[in-house]
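Peer 1: Structure incoming, see below.
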Amino acid sequence: MIPQLLQRSSRACPRYNPALYRLSTTSQQRPGLTQTFWTSAPRREQPRTPTDSKPTTTKPSAVFPANKKATKQNDPLVTVEKSAPEQRKADWAIMKEMTRYLWPKDDWGTKLRVSLAVSLLIGAKVLNVQVPFYFKSIVDSMNIDVAAVGGTATTVAGAMILAYGASRIGATVFQELRNAVFASVAQNAIRKVACNVFDHLLRLDLTFHLSKQTGGLTRALDRGTKGISFILSSMVFHVLPTALEISMVCGILTYNYGAKFAALTVLTMVSYTAFTIWTTAWRTKFRRQANAADNKASTVAVDSLINYEAVKYFNNEKFEVARYDKALGQYEKNSIKVATSLALLNSGQNIIFSSALTGMMYLAANGVAEGTLTVGDLVMVNQLVFQLSVPLNFLGSVYRELRQSLLDMETLFNLQKVNANIKEKAGAKPLVLSKGGEIKFENVNFAYHPNRPILRDLSLTIPAGKKVAVVGPSGCGKSTLLRLLFRSYDVQGGRVLIDDQDIRDVDLESLRRSIGVVPQDTPLFNDTVEHNIRYGSINATHEEVVAVAKRAHVHNTIQSFPDGYETKVGERGLMISGGEKQRLAVSRILLKDPPLLFFDEATSALDTHTEQALMMNINSILRERGRTSVFVAHRLRTIFDSDLIIVLKEGHVAEMGTHRELIDRDGVYAELWSAQETMFGEDGKEKSEEENDEQKKN
């Protein structure tokens, strides 16, 4: 009995032992609950096998799609084949959306620039059409024996030559001025659309971002923004002006040279346009497939580079290169189809135009032979037809590029159409902490997948201003509590309250501003140490940054860096250690200074000495400011002094109380504590099986 009391006393009054913080290598020998609990290594919640009791779930599909087909249909980055009417409807919707940026309601500066650009464009087209007339006059004027009449080129055709040159120069000047005037309109639209999409992406919930790969997303954004400028310029400078120029040329040919020229011109226009539209529509699927392959290749490359260390640790460079080569091979295959179909389109367009040009020249030459037309008329017809070739070829290429840009922008606008599962109620009021930050989970049910519930009718209360620990085996729902509290996900049954306010009824920004999180896997930006700390409060001064760094016991470490607080931490903070990253995360949260704090294995990467000093500082801050704090922990030594310890098991509360109460209860927590307490000897070495058996006998 006495040895048992001594052992019970030891569990209730823990002694500091550095060996207790080492990673256990014998955990696999421990059955049941203790098997998954003794490591402080990075963990993921694995949903447990469902039992007979199933919680009521309201919208499980909002968290995890029911099937792959639904996922593909709802993914804005996935290529979905459309019928011709559906594609036209989508294209017109994009064009309509772009008119908002081309002709904004209250932006008179943009309207003025667009109007001026259109005026310059019309002027350029009118001057272009004048050029063949002047050329005809020059040829007819020179089609005499100039020496016989005692004249010179200047006296015979000087005025026409000057007019010819002035028209060409004027058309070029007007066209370049038009480009300069319109540049600000296009760039402003690109900026607005890109910012709108980026803002929308940041507002989407965690479900969307966990299911998307960064490489494909950034590639789609890049292509879409590049297409904006072309679509805007096409709407203003290509489609309508080209149609205007074609109409003017056709009208001149008809008026000056009769019905035969008119009929041939109309036939050419109809054939050329129909062939271009049909062939381009047929080519669209190849371009869409090439875009999808491009997204995949970009995703593979970014994913491999982000996880560079994992690639090196497992010597999988060849495997990653093979993956990338496979993705590029698919892109190559689809790009060849695009290039081949483009060659077919260009060939067909040239055949149609060359046939029309041949017919026109025959009719004009026949008119000269009959004496009804002059040589100047022959030249003018040739010039007009060639002048017609420019807008025709341009219209063909514009249509091709327009289709490409519309496809790219379709993905961009599809991203804007993605609805967030987490929505703020209309008229939601800011969160008011009238009780100091009391948190309640009432009959909460939640599952990431409909068939794998995580929380089952969970009810618990976290008192205001207290330090509360949440412990339990991996997959029991500890980190899920934070995600629900932060509204990264919504509960599927029950409710979450903060000071008696349902978090679904309060303003999202005020809710998230009131919660501070120190995650186990600390997210850092590829920027300076100071920037990463200041991210907790963007307007903080350098002195405030240094102050919180000192409280987090990381100031001296930062001072030892090559550039101190200006040292770059690298991609995702990979240039500093895990412990340094966690202390920067603690500094960041101290700078934010929210009323509710959540620490998710926040010291798992620290050595015991630093961890102990840091926890003393954190505890003093919590007591001093009366903050409500929640600590998720596997190592019970770090949370035994909590005001309340909540033990989760299989999605519900197994027991709760103080450390001493739970030890006296001799339940799940006592089993966990005993396993960790007895795993190491006083010398810091793992106990042998004989030593453990001897202790059990006592």
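Cβ from N, Cα, C; glycine included.
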Peer 1: Looking only at what Swiss-Prot records, are Met98 and Ser341 on the same side of the membrane?
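Peer 2: Same domain label for Met98 and Ser341.
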Peer 1: Once the DSSP letters are reduced so that anything not helix or strand counts as coil, what is Arg283 (glutathione binding site)?
Peer 2: helix
Peer 1: Tally the residues of the topological domain 'Mitochondrial matrix' (183-231) by DSSP class, grouping H, G and I as helix, E and B as strand, and everything else as coil.
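Peer 2: Taking the topological domain 'Mitochondrial matrix' (183-231) as a whole: 45 helix, 0 strand, 4 coil.
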Peer 1: Largest pairwise Cα distance, Å, within the listed ATP binders Tyr448, Gly472, Pro473, Ser474, Gly475, Cys476, Gly477, Lys478, Ser479, Thr480, Leu481, Leu482, Arg483?
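Peer 2: Overall maximum Cα spacing for these binding residues reaches 19 Å.
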Peer 1: In sequence order, which residues at least six apart in the same chain have a CB under 8 Å from the CB of Leu481 (ATP binding site)?
Peer 2: Phe441, Val470, Val630, Val632
Peer 1: What residues, ordered by sequence, lie under 8 A Cβ-to-Cβ from Arg483 (ATP binding site) and sit at least six positions away in the same chain?
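Peer 2: Listed in sequence order, they are Leu206, Tyr489.
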Peer 1: Of the binding-site residues Arg283, Arg287, Ser347, Gln349, which one sits closest to Gly477 (ATP binding site) when you measure Cα to Cα?
Peer 2: Arg287
